[in-house]
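See structure below.
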Amino acid sequence: VPELWLEASCAYVLIVTAVYWVSEAVPLGAAALVPAFLYPLFGVMKSSEVAAEYFKNTTLLLMGVICVAASVEKWNLHKRIALRMVMMAGAKPGMLLLCFMCCTTVLSMWLSNTSTTAMVMPIVEAVLQELVNAEEEHEVISTAGSTTTEENNATTTDFSSLMHTKVLSHVVSAQILVLPPKPTELDLSTKYQYQSRHDHMVCKCLSLSISYAATIGGLTTIIGTSTSLIFLEHFNNHYPNAEVVNFGTWFLFSFPISLIMLVLTWFWMHWLFLGCNFKETCSVSKKKKTKREEMSERRIQEEYEKLGNVSYPEMVTGFFFILMTLLWFTREPGFVPGWSSFFEKKGYRTDATVSVFLGFLLFLIPAKKPCFGKREKGERSTDINTFNPIITWKDFQKTMPWEIVVLVGGGYALAAGCKTSGLSTWIGRQMLSLSSLPYWAVTLLACILVSLVTEFVSNPATITIFLPILCSMSETLLINPLYTLIPVTMCISFAVMLPVGNPPNAIVFSYGHCQIKDMVKAGLGVNLIGLAVVMVAINTWGIRLFQLNTFPEWAAVSNITSQT
């Protein structure tokens, strides 16, 4: 009877927390605190044990990454990368689409999906305004015209930064309900005078593709989204003896997925909004450019020139960006000994150690290049205070998603309670009816289920609810847990059909180019592409990379422990 009481109490806490997350009656972070007081009250876990679940290794990893992200944002490195790529692509819609999608994907690998979208959208908006507002008969923009365009750009940037601050202060990679402003508030009726249906389609296509590219980029690295961080921490907690998932193995598995998805999504978006005339929209020949496209390219060139030469803080940030990635890859590559093998004690250093160390250095390194001796000609001494570091604590606080930290901690607390009370074992026993199905069918059903749920429920909430259930199910059916967990973690990110699905969708929708029916139509295609690619990946190179065709020892040990 006491065991049944514990299981029932734990199930009650899980349901209460899930209801709060789904309904969003209170903020997601506040709802994540429910286990902190209900578990001790019901005698499921001690208060000190619950508290220990709220701050984990992944929190440190996130803090280090956010330091670099804050530096990228502060010194406009993202803007330089985006404009440079646009200059390479030119003003042809097809190439512009591909270029912006590639750029957003690359940024989203390292920054959160929300902040990437909020950073890239003002640049996209400025480019779109040039494409839409440019007149073919005008070769030179009049002074009045350029002033209006600048005012429009300022409005867009101001709104975007407001949206950025609003969204980031609550959440980085979680989904939240963001009600976009009414078109009248943004004065979209006067702002967007589409000269043709084609122009409108280009605007729809380009803005929607930013949201999808951010999602695709987030899949590529283990720190790309909060869902993969939650998965990693839960997996390492649940299976402490499993040393199979790290930054390197995740990247090797997911990079081909992102690449295939990026190409297929580009084709899908192009076909849906721009048609099949790839020769016309993707031509790089200068002869085929219209005066309007030449004018747009000139404007983009001017925007890039305004950034000036690459500054010292930009160079340091870029260097740290690359160094962090290299150190993550070479820590424990698997096929050769990594740098962690130079130390005597094994298992002490993780990816978090690297990110926090490099993040800490950004608070130490001065933003002004140290000059030993004479000052360089033309260098202004009043530009940056000599003693100011590259980032300050205020810059870090502005970008750090504390709500995500509490939310993820709440997820770990729930999972720990499920294991301690025996609820996860009970759920696993109920799953025995699925044993007659082939393993791939079980995984496919789980992926379809979470893809539907995640359209209406936040990503972290969805993965937190499903992880303990899927672990128990895998152990009961003797399936390698990774065979189910990895595809499900990826499919949870495909909340791309509604503005309320995730913050990038809401940001893109609020710019007013597309309607909900456009998002549903385009998002359904992206969802199906993602599901198909992930299922193919896990059944091909995923099996070899993670040895998924056997039930591993580390899962068997955990299974015995949870049943005793």
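Glycine too: its Cβ is placed from the backbone N, Cα and C atoms.
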- TrEMBL lists transmembrane segment for one of the ranges 44-67, 404-427; which is that range? 404-427
- Item | Proximity verdict for the transmembrane segment (522-543) and the transmembrane segment (244-269), three or more C-beta pairs under 8 Å | yes
- Note on the structure: With the greatest number of Cβ pairs under 8 Å to the transmembrane segment (350-367), the stretch among 12-42, 93-111, 210-232, 439-470 is 210-232
- Relative to the transmembrane segment (93-111), the stretch among 12-42, 244-269, 404-427, 482-501 with the most Cβ pairs under 8 Å is 244-269
- Sequence-distant contacts of the transmembrane segment (244-269), meaning Cβ under 8 Å and at least 6 residues beyond its ends, amount to 97-98, 101-102, 105, 205, 208-209, 212-213, 216-217, 219-223, 228, 232, 235-236, 328-329, 331-334, 351, 482, 486, 490, 522, 525-526, 529-530, 533-534, 537, 541-542, 545-547, 552
- Between 12-42, 210-232, 404-427, 439-470, who has the most Cβ pairs under 8 Å to the transmembrane segment (482-501)? 439-470
